[in-house]
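See below for the structure under consideration.
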Amino acid sequence: MTDAAVSFAKDFLAGGVAAAISKTAVAPIERVKLLLQVQHASKQITADKQYKGIIDCVVRIPKEQGVLSFWRGNLANVIRYFPTQALNFAFKDKYKQIFLGGVDKRTQFWLYFAGNLASGGAAGATSLCFVYPLDFARTRLAADVGKAGAEREFRGLGDCLVKIYKSDGIKGLYQGFNVSVQGIIIYRAAYFGIYDTAKGMLPDPKNTHIVISWMIAQTVTAVAGLTSYPFDTVRRRMMMQSGRKGTDIMYTGTLDCWRKIARDEGGKAFFKGAWSNVLRGMGGAFVLVLYDEIKKYT
């Protein structure tokens, strides 16, 4: 293998391992966030059964579905997240070579910053094309509030993918893809762009104390998450449309979804579960720091 291939493989492995560990740790928070986002568009959750907030959700889930249901959809998430995050990190460095080749970060700061934004956004969008059906399945599995057996909408990852494919074809597995690309570019641009720029401004980036790295990463993930959150809410709502027919369809398209959420639920609805997303972001910050630490030893 060439040095470039070895470097790419190390990026892929380091990013994937770090992501799988952190995602499993924050899976319960992830499920709470998803339920708060999509409950209004769920056929299983009637108006009188909707969760009132994070605490209500955390209390009711183990009572109604069992403690292990906090990790519902986590297997799909780990399977999805390993290639997603690994590809993001690997492609990010490849895109950095394209956008930042010959750019001096000290004398061309804004060009350097723009290059980091572009490389981060392009990496996220590229990865999404490959793993979107898994992201879709993870959302639908996490949104399934049936207790067991016949009450469940899907029996697992394979059952979810097969049922939606039979019902709606490949298009059903990519429901909400366009708004996802918009959101992922905004999120990844901030996630990678600001983080790399901030670290690049430090005197000795490679030997930065882990606490400083974590603080930078925590700020970046919180800002990036809140900025792109409305896009995430809309894409999750669109994912809930797959498998529906006739009058069961709530939104005719992405623009209709934006309009109806704003009209019927108000602007706050775009940020349902946002606080749990900030908590979940601690896992994202941990990924960035862990990735840098793993790379030091590879």
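Heads up, the Cβ atoms here are built off N, Cα and C, so glycines get one too.
The N-acetylmethionine annotation in Swiss-Prot covers MET1.
Its own atom aside, the Cβ of THR2 (N-acetylthreonine) has 7 Cβ atoms within 10 angstroms in the protein chains shown. Summarising the annotation, Swiss-Prot assigns N-acetylthreonine to THR2 and lists experimental evidence as the type of evidence.
Residues annotated as transmembrane segment in Swiss-Prot, with similarity to another entry given as evidence: 8-37 (among others).
Its Cβ taken as reference, LYS43 (N6-succinyllysine) is surrounded by 12 other Cβ atoms within 10 Å in the chains shown. Among the features that Swiss-Prot reports, N6-succinyllysine is placed at LYS43 (among others).
Positions annotated as N6,N6,N6-trimethyllysine by Swiss-Prot, on the basis of experimental evidence: LYS52. Within 10 Å of the C-beta of LYS52 (N6,N6,N6-trimethyllysine) we count 9 further C-beta atoms, all protein chains included.
Marked as N6,N6-dimethyllysine by Swiss-Prot on the basis of experimental evidence: LYS52.
Long-range contacts of the transmembrane segment (75-99) within the same chain: residues 7-8, 11-16, 18-20, 23-24, 27, 30, 114-116, 118-120, 122-124, 126-128, 130-131, 134-135, 137-138, 141-142, 156-157, 160, 188, 192, 196, 287, 291, each at least 6 residues beyond the stretch ends and with a Cβ under 8 Å from a Cβ of the stretch. Positions annotated as transmembrane segment by Swiss-Prot, on the basis of similarity to another entry: 75-99 (among others).
Under DSSP, ARG235 (ADP binding site) is assigned to a helix (H, G or I) in the three-state scheme. In the shown protein chains, 26 other C-beta atoms lie within 10 A of the C-beta of ARG235 (ADP binding site). Among the features that Swiss-Prot reports, ADP binding site is placed at ARG80, LYS92, ARG235.
Cβ neighbour count for LYS96 (N6-malonyllysine): 20 (other Cβ atoms within 10 Å of its Cβ, all protein chains included). Annotation comment: Swiss-Prot describes LYS96 (among others) as N6-malonyllysine.
Long-range Cβ neighbours of LYS105 (N6-succinyllysine) (same chain, at least 6 residues apart, Cβ-Cβ under 8 Å): TYR112, THR197, GLY200, MET201. Annotation comment: Swiss-Prot describes LYS105 (among others) as N6-succinyllysine.
If you look up Swiss-Prot, you'll see 110-130 (among others) marked as transmembrane segment.
Sequence annotations record features per position, and here Swiss-Prot assigns N6-malonyllysine to LYS147 (among others). Sequence-distant neighbours of LYS147 (N6-malonyllysine): residues of the same chain at least 6 apart with a C-beta under 8 Å from its C-beta are GLU64, GLN65, GLY66.
In the three-state DSSP scheme, LYS147 (N6-malonyllysine) falls into the coil class. The annotation N6-acetyllysine is assigned in Swiss-Prot to LYS147 (among others).
Per Swiss-Prot, the feature N6-acetyllysine maps to LYS163 (among others). Here LYS163 (N6-acetyllysine) comes close to PHE154, GLY243: these same-chain residues lie at least six apart in sequence, with C-beta atoms under 8 angstroms from its C-beta. According to DSSP, LYS163 (N6-acetyllysine) is assigned to a helical segment.
Residues or ranges marked as N6-acetyllysine by Swiss-Prot: LYS166 (among others). In the structure as shown, the Cβ atom of LYS166 (N6-acetyllysine) sits within 10 Å of 10 other Cβ atoms.
According to Swiss-Prot, the feature transmembrane segment maps to 179-199 (among others).
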Intrachain neighbours beyond the transmembrane segment (211-231), with Cβ under 8 angstroms and 6 or more residues off its ends: 179-180, 182-184, 186-188, 190-191, 194-195, 198-199, 202, 270-271, 274, 277-278, 280-282, 284-286, 288-289, 292
Cα of LYS96 (N6-malonyllysine) to Cα of LYS43 (N6-succinyllysine): how many Å, rounded? 44
Mean per-residue pLDDT computed across the repeat 'Solcar 3' (212-297): 85
Sequence-remote partners of the transmembrane segment (110-130) [C-beta within less than 8 Å, at least six residues beyond its ends]: 83-84, 87-89, 91-92, 94-96, 98-100, 103-104, 177, 180-181, 184-194, 196-197, 200
Residue pair LYS43 (N6-succinyllysine), ARG235 (ADP binding site) - Cα distance, angstrom, rounded: 17
